[in-house]
Amino acid sequence: MGKRVVATDKELKWKKVDIPDTLDDFGGFYGLEEIDGVDVKVVNGQVQFIASEAQVKEEEESSESDFPDFDAMEQEDDGDVEEAEEEEEEEEDVAEADEPEVKQKQEQARVEQIDKGVDSEKHEDEKETPEDDLATNVFDIDVDLSDVGSGELPGWTDTVDLSMTTINGLSNLGFTEMTPIQKLSIPAALEGKDIMGKASTGSGKTLAYGIPIIEKMIKSKDNLRTNGIIFTPTRELAQQVTKHLQNVCSMLLKKNPYMILSLTGGLSIQKQERLLKYDGSARIVVATPGRFLELIEKNEELMKRFAKIDVLVLDEADRLLQDGHFDEFEKILKHLGRIRKSLKNMEYWQTLIYSATFSTDLFDKLANSSWKKKNNSKDESEMESVLKHLMTKINFKSKPMMIDANPEDKISAQIKESLIECAPLERDLYCYYFVTLYPGTTLIFCNSIESVKKLNAYLINLGINSFQIHSSMTQKNRLKNLEKFEAMASKNNHLGKPTVLIASDVAARGLDIKGIKHVVHYHLPHSADTYIHRSGRTARGDNEGVAVMICSPQEAMGPLRKLRRLLASKEQISKSTKNKKWQQTVPLLPIEIDILQQLRERSSLANDIAEHELASRSLRKDSNWLKQAADELGIDMDSDEEDKDIILAKNKNKKMNKTLDKNELKSMKAELTHLLKIPIRKDMRRSYLTGGLVNLADSLVKKRGHHNIIGHEKTDALNVLKKGKSNKKQKTK
């Protein structure tokens, strides 16, 4: 053991601590150092370190490192200097003790001089900002708005009194005018009234409830309080609402990027818990009920914090009407309501409810043959009957103000509907025909995940850029595919090529995907409300769009008739007769048989290859699963034993029948590649390019006409349906 001496913390030989890169957050611990074999004593309130001479720096080394940096000087006090002097006096070598004392006095003089400079700088800062609120309250900061004036948005400022932050955000996003639902609901929401609002899809409901919450947040004096919570039925919609509100508040987010926070499943709960601890975070929360309930049940403090909100929003609230949906949401209301009642001098929060559909009839299964309506009183509207149902689940501050921006139409007038009648096994062919003839961005909805996977593989085999999203995919993969789809769509729009997104009903509600021209219902949806929300993915804002149903004769006789009757306006119902054929109220999409016939062979090959790919992939998965289960149980699994299970054997045989051998698969792929190289021609014309009604040679040279079909003019599904409607009107006259 070497001789032990008393030393300061700066005289010790500290070792740097390397923090592993795998740690997500260091919790503020940066530049850590450690030392072993040092005793710590507290004498008269002063900390002393007793270490061996080997652990203490040499005099020259310590004099260089001991010179305090700016931050250390600011924090050093007289007690530290006195402690250093006492330790110096305890040194054995008295002859050399005078030099450190001189150095100590010189350093002390420098510290005092720099401290004076720091104090003078602080005084200058205080003179520049005399009001403490300016330094602490983010929302009271005077933001430079020289480029934007309230006169630039008279469509907003003439109706409601908004902050400059909101006006600037709306101006940057190009929202110069209010939509009908915004005009009707925002003034009432700013007054603190409970609202139940109904408007067609794509009509601006997000801002109708978002702006009142943003205004409350800006005017709030408490920067740590959550002002509003927005609940959405799907994760994708929650992400979209969050981005939309963040774009409006982009100026405020420069100071605090986590002010508007999304809390959804499928993403790291640890990261969300960490973000909630940051000062000023989660002023506005956009959440799905499952993840929100998980967070508040783990943390009582979070529950108390969220119980003090000003506004509670339910987006796409009609889902609460469906029995068995969102038990988590009812638990959330009980938890928050219980704490809210215990708080003194706090009235109940403001509740805003919005959706495109508020009718209990719309939730009935279309396959159900019953045509009887709910037993509502004659004077009671659909929204009033829905409100009665909601009041059993939700506590309102007062009776909600009911706002219906489109009382007559259930489907937006900007959506042109159409029907394709085909055999049940020809849905794929007609999908291929539609995206070939009408290139652009198309969203196809299927009722099952297997159909989504198969149709995606089928279109990819035909050389079409296709992407898929469904509930079996992880949240990250869904968002990635949406981003890829949007990027590819912007590229293909210039080239005249189709871009397709195939989805299950996970994408039906609320998702605002830019530039969707067509929505195709590969299957007829199970309920009318799903049809409304699916079709509403097109014709967003002021744009127009097309919704096409692919329907078999069996569906046309039952579910389609019921769907069209439920979607009919009151005027249409009053004029109808008992034997009215409701399926004929939607126009048929014109089909060009010559083009369809050219697509039939390549469609059949692509279908067989797609079925092989899915079946072989599924067989591999099943085999791996069985082997893994057998290994975990310590059992030897033979193929003979697998065949003894009747269900497994049937399932396996069904998939085996869809698979192809290597040579057959190779041959079919080669044949399909050859067919795809053959251009599709209008009227099957192969010679005399300059003859006929259309000069094909001239069109080819001047790059006019259809991108995918030779001799065909550029067509747009929207214009085709508009022309068909106008021709029908002329015939009736």
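Every residue, even glycine, has its Cβ placed from backbone N, Cα and C.
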For this session: Could you tell me which of the ranges 155-183, 474-502, 561-589, 619-647 is annotated in Swiss-Prot as motif 'Q motif'?
Result: 155-183
Exercise. From 199-202, 255-258, 315-318, which range did Swiss-Prot mark with motif 'DEAD box'?
Worked result: 315-318
Seminar exercise, completed: Per the Cβ under 8 Å criterion, with at least 6 residues separating them from its ends, the motif 'Q motif' (155-183) contacts 143, 145, 148, 190, 197, 199, 203-205, 207-208, 211, 214-215, 218-219, 247-252, 354, 403, 405-406
For this session: Please spell out the DSSP helix, strand and coil residue counts for the motif 'Q motif' (155-183).
Result: 17 helix, 0 strand, 12 coil
Exercise. Taking residues 6+ outside the motif 'DEAD box' (315-318), which of them lie with a CB under 8 Å of any CB in it?
Worked result: 205-206, 209, 230-233, 237, 241, 353-358, 362-363, 386, 390, 509-510, 529, 533
Seminar exercise, completed: Same-chain, non-site residues whose Cβ lies within 8 A of the ALA199, SER200, THR201, GLY202, SER203, GLY204, LYS205, THR206 Cβ center for ATP are THR179, ILE181, ALA208, ALA356, GLY536
Exercise. So, by DSSP, how many helix, strand and coil residues make up the motif 'DEAD box' (315-318)?
Worked result: 2 helix, 1 strand, 1 coil
Seminar exercise, completed: So GLY204 (ATP binding site), by the Cβ count within 10 Å over all chains shown, scores 20
For this session: Around the Cβ of SER203 (ATP binding site), how many other Cβ atoms lie within 10 Å? Please give the count over every shown protein chain.
Result: 24
